[in-house]
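Engineer: Before anything else, here's the structure in question.
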Amino acid sequence: MREIVHIQAGQCGNQIGAKFWEVISDEHGIDPSGNYVGDSDLQLERISVYYNEASSHKYVPRAILVDLEPGTMDSVRSGAFGHLFRPDNFIFGQSGAGNNWAKGHYTEGAELVDSVLDVVRKECENCDCLQGFQLTHSLGGGTGSGMGTLLISKVREEYPDRIMNTFSVVPSPKVSDTVVEPYNATLSIHQLVENTDETYCIDNEALYDICFRTLKLATPTYGDLNHLVSATMSGVTTSLRFPGQLNADLRKLAVNMVPFPRLHFFMPGFAPLTARGSQQYRALTVPELTQQMFDAKNMMAACDPRHGRYLTVATVFRGRMSMKEVDEQMLAIQSKNSSYFVEWIPNNVKVAVCDIPPRGLKMSSTFIGNSTAIQELFKRISEQFTAMFRRKAFLHWYTGEGMDEMEFTEAESNMNDLVSEYQQYQDATAEEEGEMYEDDEEESEAQGPK
């Protein structure tokens, strides 16, 4: 089977990673000690994608837990599903990265990275036919962002032909831990643009807004935000974990979703949005699910898709429902909103249906969009970055770990290039496409969008 090796790095990465394993273990009928207690063959048919079956018929996640300080991993280990993980796969330092990207990427993280790679190798040798890696991390801290991106480039070196997929939590001033988040995020995005195949942008700003506006939670906690993240991660991995035809592995998803190699930052969405521990009273209809999942309020990235255009979209519907109705609704949305889909990629919306709904819902839908509106998120970070960088505020923490200012300038311009590329394809029309390629590449970039 086609296995995926999961890596979680840093405090945020370990918390959303642990939550992800709780949710999918529940969906596959795996109890906290790794025994199968489910009731459907569908749960086991592709279980080997994420789990390794040990000799005692126990299922062990193909997960590697990494952090530069022991705190978060101790709480994962003592949490509900702590005994599920392989004890050797907990790798941690003692020093911490102090929210400093340079410590995670160049100094502290670099010392720990080889012992992580040993475990990665061991997990990959356990695989029959590895399809790729997924990393959960945040971009605002030190370990997840700095060491996370270091791991990506090291793993990439060793497994160049395997897919690299990340769930990256993007920082926001609304839910901020540190003042240097824009630095860490910009340096990380500089790496992600070059070294990953698929990145789901999970945006703390959007999660906070959903909790506050839609779920009416007065003071959202990280637990509430992580509940949304785990619902989304469970949704976007559905077609990898359950039998089906569409986007059944990471590479097929990448082929459908990524028209240009640098533009691989996806906007996830989920419907229906429910608060933690609440029961849903009424099953939604397919039209309602479709309506909601294309709604800006349901996006996990704080960007308004109406400000851009979709290059590609993949959706997953879960639960017992009529395929015909799903197809009709999806076509209806596309024909009503055709101006929001680029016309030079025909059939750019793909739909998968899985019979098994998530816990507590009769039906749900998950949305993965590659929209040019994601540039709003990069612009937001870029503005915060520039405000500090032009005064060289806080730079000594980074140069003190051996970094050069030049690296900051490069990261800044790479992110600005990314924004212009999204803008260029947002403005492109089918007629102009031909001319665009005839021009010299540099020339068209110098002119910006036509």
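Placed from the backbone N, Cα and C atoms, the Cβ positions cover glycine too.
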Engineer: Given 1-4, 5-8, 61-64, 225-228, which one carries Swiss-Prot's motif 'MREI motif' label?
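Structural biologist: Per Swiss-Prot, the stretch marked motif 'MREI motif' is 1-4.
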Engineer: Have a look through D177, D295, D304, D327 and flag the one Swiss-Prot assigns to the GDP site that G10, Q11, C12, Q15, N99, S138, G142, T143, G144, N204, Y222, N226 belong to.
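Structural biologist: Same GDP site in Swiss-Prot: D177.
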Engineer: Round to a whole number and give the Cα-to-Cα distance in Å for the pair G142 (GDP binding site) and S172 (phosphoserine).
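Structural biologist: Cα to Cα, G142 (GDP binding site) and S172 (phosphoserine) are separated by 15 Å.
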Engineer: Using Cα-Cα distances with a 10 Å cut-off, which of the binding-site residues G10, C12, G144, N204, N226 are near S172 (phosphoserine)?
Structural biologist: N204
Engineer: Of G142, G144, which of the binding-site residues has the most Cβ neighbours inside 10 Å?
Structural biologist: G144
Engineer: So for G10 (GDP binding site), how many other CB atoms are inside 10 Å of its CB?
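Structural biologist: A count of 31.
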Engineer: Taking only the residues in the motif 'MREI motif' (1-4), give me the average pLDDT of this model.
Structural biologist: 89
Engineer: Since the record lists N99, N204 as binding-site residues, which of them has the fewest other Cβ atoms within 10 Å of its Cβ?
Structural biologist: N99
